[in-house]
């Protein structure tokens, strides 16, 4: 059994074949630059697992 789950690119990126652009679906962390996770419970927020930066939504 692998230690980590395989990354599924179709869940992380959006493709625009007409323009030839690939964009990430999630936000980037302003502090370290890695992808942020969107959590809905208990409070909606964006959180960076690498550096701990959190953005709370209103």
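Note that Cβ sites are derived from N, Cα and C of the backbone, with glycine treated the same way.
Looking at 6-28, 29-51, the stretch flagged in Swiss-Prot as zinc finger turns out to be 29-51. By the criterion of other Cβ atoms within 10 Å of the residue's own Cβ, the least surrounded of the binding-site residues 29, 48, 51 is 51. In three-state terms derived from DSSP, residue 32 (Zn(2+) binding site) belongs to neither a helical nor a strand segment and is classed as coil.
Within its own chain, residue 32 (Zn(2+) binding site) has 48, 50, 51, 53 as residues 6 or more apart in sequence whose C-beta sits under 8 angstroms from its own.
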